[in-house]
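Pulled from TrEMBL:
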- 69-88: transmembrane segment (TRANSMEM)
- 95-114: transmembrane segment (TRANSMEM)
- 144-168: transmembrane segment (TRANSMEM)
- 189-208: transmembrane segment (TRANSMEM)
- 214-232: transmembrane segment (TRANSMEM)
- 330-347: transmembrane segment (TRANSMEM)
- 367-387: transmembrane segment (TRANSMEM)
- 407-427: transmembrane segment (TRANSMEM)
- 447-466: transmembrane segment (TRANSMEM)
- 487-507: transmembrane segment (TRANSMEM)
- 532-554: transmembrane segment (TRANSMEM)
Amino acid sequence: MDEKMSTVADAVDYKGHPADKSRTGGWVPAALSLGIEICERLSTMGIAVNLVTYLGGTMHLPSATSANIVTDFMGTSFLLCLLGGFLADSYLGRYRTIAIFAMVQMLGTCLLAVSTKLPQLRPPPCKYTDVTQCKQANSFQMGILYLSLYLIALGTGGLKSSVSGFGTDQFDEKNEKEKAQMAYFFNRFFFVISTGTLMAVTVLVYIQDEVGRSWGYGICSASMFIALMIFFSGTKRYRYKKCSGSPVVHICQVVSAASGKKTAKLPSDISLLYEDLPEASRIHHTDQFRFLDKASVVTEDDYRQGSFMMNPWKLCPVTRVEEVKKMIRLLPIWATTIIFWTTYAQMITFSVEQATTMERTIGHFQIPAGSLTVFFVGAILISLAVYDRFIIPLCKKWRGEPGFTNLQLIGIGLFLSAMGMAAAAVVEVKRLSVAKKYNETTTLPITVFYLIPQFFLVGAGEGFIYTGQLDFFITQSPKGMKTMSTGLFLTTLSLGFFFSSLLVSIVKATTGSSDKQGWLGEHINKGRLDCFYGLLAALSFFNFGLFLLSAAWFRKKTVRQAPEMEIVVKE
């Protein structure tokens, strides 16, 4: 009995023995993994926020092409979180996944540092401000750049899917003290991400612009190496969770079983549906998506030679079907949060390009264009601090509730981002009017601080929507699909970036031609970026309306469930 009390039931130590509570887990091992997360943010965001200036200024690529390369890079990074999560859940475990993908990202940043250092890997310098008059990077030079970027994206995907989960693995949810520590760790995790981003958009961007990009990227590689050594130092103190299999397989099994029995009739008494899980682990039947219930209908095909044969691809328990139903219920909310990350993409692409054309000096110091995103990160930290210190106490006092619900947080984030795009369109009208008067000037006589409202509004929006989304997808998903739901959340970031690339390509093709630049093209001073921002603002407000409808549907459907009933096992 004493031995059971001193060990964690579902965790082992580095030797594979039951994890001893006194020797493994807790705050210190959990904190060792945070260094990896800080360095991942330092690398990914330090590259993303300043990459568009490198692509245009050094590789001599057109404005729209540069923006799409950045958004494709970011989109792929978050999409690969699904691969990282699948490998961690099914084969490698979180510890090995973190170790392997941290080394992959370190290799990518090292290769990027080399590619920006060697003159053979970039086109010759050009004195013209119009990139159409400069020699663009050739296919070999772009190939090395793409290899570097997508190695970093692969590393990001593996790390982002596992670091937060590995940190929470160090706490025992059945122990009240450790459960409280885990909640505190989880709440501070986003603050750590923001800290890494803040370092990236200030210190790292400054080093890239003023000292050299190879130095900036080399620092990313070196810092990841140090963080990896720190991570390895805790190997003997970590708690490890065994691989439990991928939820994707379980979803496919339910869909396969339901499709195979599409002609089967559902029983009028749902207690006849198949269930093999113990009562404490069951999810009771609901009336939504009844076609999936056919996966739990027992037919003659489930019997072979008079004995019952349970094939998970042909027959699934009610609980497994209900888990899939729960995931389906999340999809409307999931779909209506994608557009936010499309607006976010503009903050690290076109907004940075806007900054390069504007007056950025304070005294004798010139602010790097990529560092304007410090207002973006600052808005996140300020909004979180205001929410934590003022809004939550007020809500407790007036409504008796600890702050806004996760859906309300998401709604606030979507509305702020729509307002941010509207503000961006207004500012761009002003900037373009100045550009027409001074079309031969490299730096326009208009202060870069005009861009602060769009950075601040979208940044504050991220502070609300990120925490709201993360809480929503984790708390509303089935217990066995937490990793899957986190991956679903991260795909909204990925699809938002990819949609940005698609939207830029469509707008460029429909508004431009061989003899006309259109809204987006070679240089933003000759386009109509204000119209593009206006389009995004309109789409964002329309999407906000769809979100309100989806949220109302979700609340209605989750409240109106069938009453609990006993499910018997068919043998």
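Cβ atoms here come from the backbone N, Cα and C positions, even for glycine.
Of the two recorded stretches, the transmembrane segment (144-168) lies close to the transmembrane segment (69-88), with three or more CB pairs under 8 Å once pairs fewer than 6 apart in sequence are set aside.
Here the transmembrane segment (189-208) has Cβ contacts under 8 Å with residues 34, 37-46, 49-50, 164, 167, 215-217, 219-220, 368, 370-371, 373-374, 376-378, 380-381, 384, 466-467, 470 of the same chain, all six or more residues outside its ends. Within the chain, the transmembrane segment (95-114) has long-range Cβ neighbours (under 8 A, six or more residues past its boundaries) at 33, 36, 39-40, 43, 47, 84, 87-88, 121, 144-145, 147-159, 161-163, 166, 213-218, 220-221, 224-225, 227-228, 231-232, 235, 238, 240. When the stretches 214-232, 330-347, 367-387, 407-427, 447-466 are ranked by Cβ pairs under 8 Å to the transmembrane segment (487-507), first place goes to 330-347. Only sequence-distant pairs (6 or more apart) were considered; of these, at least three Cβ pairs between the transmembrane segment (447-466) and the transmembrane segment (367-387) are under 8 A, so the stretches are in contact. Taking every listed stretch (214-232, 330-347, 367-387) in turn, the largest tally of C-beta pairs under 8 A with the transmembrane segment (407-427) is reached by 330-347. For the transmembrane segment (330-347), the residues of the chain that approach it from at least six positions outside its boundaries are 67, 70-71, 74, 373, 376, 407, 410, 413-414, 417-418, 420-421, 424, 454-455, 458-459, 461-462, 465, 469, 472-473, 476-477, 485, 488-489, 491-493, 495-497, 499-500, 503, 533, 536, 539-540, 543, 546-547, 550-551, 553-554, judged by C-beta separation under 8 angstroms.
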